Amino acid sequence: MSYELIGISVLWLFLYGYVIIASIDFGAGFFAYYAKATKRDHIINQIISRYLSPVWEVTNVFLVFFFVGIVGFFPTTAYYYGSALLVPASFAIILLAIRGSFYAFENYGSKQSNVYMFLYGATGLLIPASLSVALTLSEGGFITEQDGVVSLNYWELFTSPLAWSIVALAIVSVLFISASFLTFYASRADDKTALDLVRKWALFWATPTIIMALTTMIALSQRNQRHYENMLDLWWVFGLSMGFFVIGMGLLYVGKHYGKAFIAIMLQFFFAFFGYGIAQYPYLLDPFIHIEDSVTNEAMGIALIAAFIGGLLLLVPSLILLMRLFLFNADYAKGKK
Amino acid sequence: MEFDTVMMSRLITAMTLTFHIIFATLGVGVPLFISLAEFIGIKKKDKHYELLAKRWARGFVITVAIGVVTGTAIGLQLSLVWPNFMQLAGNVIALPLFMEVFAFFFEAIFLGIYLYTWDRFKGKYTHWLISLPVVLGAGISAVFITTVNSFMNSPAGFTMINGEFTDVSPIGAMLNPSTPVRVAHVLGGSYVTVGAILATIAALALLRKKTATEYHKKALKMTVISVFVFSVLTAVAGDASAKYLAEHQPEKLAAAEWHFETERNADLVLFGWLNDDNEVVGEIRLPGFLSFLAHGSFNAEVIGLEETPEGERPPLWIHYMFDLMVSIGFFLVGISFLYLVLTFFKRWNANNKFMLWLIAASGPLAMLAVEFGWIYAEVGRQPWILRGYMTVDEAATSSPYITHMFFLFLALYIVLGALFVITLRKLFKNNPAAVELEKHYPELNKGDK
Ligand code: HDD
Ligand code: HEM
Ligand code: HEM
């Protein structure tokens with residue numbers, strides 16, 4: 001495997017990691033607000049805050065890892081995406097800033113105010129929507145380059161069915177992933193009432209997720225024929241994704257093995273995400289950035305991969321420690337510690 | 001001044017960094033002091049220090065939150081605002097940026113564990129050990145990012161052929177000529193600043209209230225001793241920085257010192273201003289000291305600004321930035337030394353009002369020194385973004401929306417800054433140390449507070 005392929009695979013893997021753990025966080029924000037608005041917050045908010053408190057910062061680093069890494073491996077992305085994304089990415093930064101800092105502020109405030117809960121819930125949906133713009137742009141046709149000036153065609157973007165279906169897909173996936181995780185976490189914590197509530201949400205959001213996935217495929221076929229056909233060639237990957245979806249839903253439905261159900265759903269997204277990514281090969285930005293042409297020099301590529309391996313050796317044990325202390329520690333989840 | 005996209009790009013970057021550096025400095029330094037306090041507390045079996053560590057950690061969570069969100073902003077903005085720079089420089093300097101993320105990861109994970117496990121382990125030292133990765137992670141991330149900034153000042157680790165970097169050596173780029181002195185100076189500056197700010201808090205508490213004095217006195221002593229140690233180290237490293245400049249970036253030193261003609265036995269010019277003929281008036285002149293600062297000998301030759309082509313000279317107002325930073329540096333060394341002398345001779349009261357007010361001033365001043373230092377370093381690099389290779393004009397984005405984004409971020413930082421202050425006040429006003437001592441450590445007798 002050439003080093004540019006290693007690079008993009010690692011980055012894609014981390015982006016997938018971000019999608020999962022950030023979805024849990026973002027969705028939880030929305031559910032917390034929804035529960036409060038419908039006067040059910042006493043049921044689930046305890047669970048939500050016990051899980052989220054220790055990990056939000058780690059979640060954020062996944063995102064930082066991705067964008068620092070992609071600019072490192074493929075410096076040309078800084079030029080095209082950096083120029084084109086000034087406005088959407090700035091909005092994403094602002095939303096992330098509101099969310100991250102308010103989280104810390106509120107944690108120490110006496111009572112959770114309604115304004116805060118609203119912002120917390122709303123940013124949970126708006127952030128995935130604004131970040132997903134980058135995926136839309138990669139399909140091509142939105143970014144133009146003229147006389148050395150790269151610009152984004154906003155009209156084209158806002159009238160594009162593909163853009164809107166990707167936004168919708170991002171939002172419903174967030175809610176679906178989050179609800180299925182919370183189901184697992186509530187069962188860990190032995191909290192029956194919370195479990196019933198979040199399980200219902202998980203079952204509910206499954207349907208829109210699948211519908212939006214199919215809608216996005218159709219919109220993609222109109223925008224980028226090449227990408228779409230590559231995806232059809234990878235039909236078995238998406239078949240696997242569908243299979244895991246069915247398994248996950250089945251387990252949620254019969255109300256057993258919530259941990260395995262969540263793993264199945266993670267795998268569902270894993271295969272869909274990688275199928276989508278592999279089909280985009282060889283472009284990072286159709287037609288401007290080609291993986292092989294835009295990759296950094298060999299010395300830097302190898303140095304980055306070496307740094308990555310060294311970093312993982314440090315990180316994996318630390319992450320395991322974190323998870324054992326908070327996530328998989330039944331006493332902690334139950335609120336005893 | 002023209003407010004074109006280049007100017008707005010510079011302003012937005014300057015704004016974000018000036019804001020970020022406050023929290024970055026705290027983020028680098030505070031873990032060290034938390035760790036120290038917890039260690040002393042365990043060692044001496046002194047609950048006061050344990051409470052110090054806990055209270056500092058609680059405040060720290062909030063500074064970290066803003067550090068992380070503003071850091072994420074600047075990380076993205078580097079690509080959004082300077083796409084041409086990142087495309088070019090990324091080929092050589094991506095490695096430390098990438099490794100910095102791992103340092104963040106490491107720090108974030110252990111910080112999460114540290115904050116939520118005060119009473120979960122049997123051995124007291126186990127919890128303290130968890131603070132070490134946090135201290136280390138914060139320090140290392142500062143080292144990595146500082147190498148990036150050093151690279152912009154003294155690019156190394158490549159050869160340039162036809163506008164393309166070849167023969168790239170990522171390690172060589174990290175270990176460029178200005179890295180060693182700059183890393184030492186930035187780390188020292190962070191520790192001294194945090195020490196001074198924590199000392200300010202203790203001094204203000206002693207000035208205002210008569211409760212829990214023992215607790216605050218211990219905090220004061222520990223932090224002022226640290227200020228002394230780190231301010232001396234920072235000054236030494238700052239002196240080394242000046243010697244580096246004299247050798248590798250003479251135009252920056254010359255602009256900061258208003259040293260226009262190359263000469264031996266050059267005078268050090270302090271403060272003053274420039275008249276219409278660009279002559280220095282109203283200054284304090286230390287004969288020969290510039291030569292000494294630049295080369296360690298009163299007779300050495302110092303290169304003047306005349307040798308730099310006119311279009312490549314940094315603005316002359318950085319003189320004030322440099323002078324203010326250095327003055328504050330000497331102030332910090334002086335104040336902390338005075339306090340130590342007073343405590344050494346038990347007959348004198350080290351915690352007298354005058355002394356406490358001086359110490360109270362040192363925290364904000366130290367933070368100002370950090371800001372002045374950075375402004376000096378960054379503006380002194382003008383017009384280059386990558387000295388000798390790429391100018392700021394060539395690097396900036398061409399997007400016309402940059403002006404809107406500037407005001408959007410300005411609003412964000414105002415909100416964040418205000419909330420930061422409000423939250424910290426709420427956190428500590430409603431829960432003073434005296435109350436907490438009473439509640440959690442009733443075993444400490446009254447006289448001991
Ligand atoms: C508390 C903070 C603090 C204090 C007391 C000082 N400095 Fe400083 N200085 C910094 C904080 C700082 C900084 C913010 O960390 C800078 C900005 C860029 C850098 O590398 O460090 C800096 C830059 C900086 C530079 C420019 C380096 C460059 O651009 O390459 C020089 C020459 C000095 N300093 C010299 C000094 C001297 C002689 C001091 C005497 C006491 C001093 N500094 C005190
Ligand atoms: C250590 C990492 C740093 C990096 C990589 C960095 C990078 C940059 C870049 C890309 C610019 C824009 C180009 C220019 O105008 O020269 C800039 C300018 C600037 N930065 Fe830094 N910077 C760093 C640290 C800081 C810090 C901590 C401060 C805090 C005070 C700061 C203050 C400024 C200012 C004031 C400018 C504007 C200079 C001008 O426009 O004349 N920088 N920096
Ligand atoms: C010398 C100047 C700087 C120092 C000492 C510094 C240090 C720090 C510290 C201590 C934090 C908080 C991290 C944490 O507590 O987890 C932070 C956050 C961050 N900084 Fe800076 N920083 C500096 C300048 C910059 C610059 C120029 C960049 C741009 C590349 C940058 C990128 C970031 C990012 C992306 C984060 C957020 C990381 C996260 O999500 O945890 N920093 N920085």
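From the backbone N, Cα and C atoms, a Cβ is placed for every residue, glycine too.
Here is what TrEMBL says about this protein:
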- B:12-39: transmembrane segment (TRANSMEM)
- B:60-81: transmembrane segment (TRANSMEM)
- B:93-116: transmembrane segment (TRANSMEM)
- B:128-152: transmembrane segment (TRANSMEM)
- B:183-207: transmembrane segment (TRANSMEM)
- B:219-238: transmembrane segment (TRANSMEM)
- B:317-342: transmembrane segment (TRANSMEM)
- B:354-377: transmembrane segment (TRANSMEM)
- B:401-422: transmembrane segment (TRANSMEM)
Candidates B:60-81, B:183-207, B:317-342, B:354-377, B:401-422; stretch with most C-beta pairs under 8 Å toward the transmembrane segment (B:93-116): B:60-81
Range from B:60-81, B:128-152, B:183-207, B:401-422 with the greatest count of C-beta pairs under 8 A to the transmembrane segment (B:354-377): B:183-207
Region pair the transmembrane segment (B:401-422) / the transmembrane segment (B:60-81), three or more CB pairs under 8 Å: yes
Within-chain partners of the transmembrane segment (B:317-342) [C-beta distance under 8 Å, separation at least 6 from its ends]: 192, 196, 224-225, 227-228, 231-232, 234-235, 238, 252, 255-258, 269-271, 348-350, 355, 358-359, 362, 365-366, 368-369, 372-373, 375-376, 379-380
Same-chain residue ranges lying at least 6 outside the transmembrane segment (B:60-81) that approach it to Cβ under 8 Å: 9, 12-13, 16-17, 19-20, 23-24, 26-27, 30-31, 34, 104, 108, 111, 115, 396-397, 402, 409, 413, 416, 420, 423-424, 427
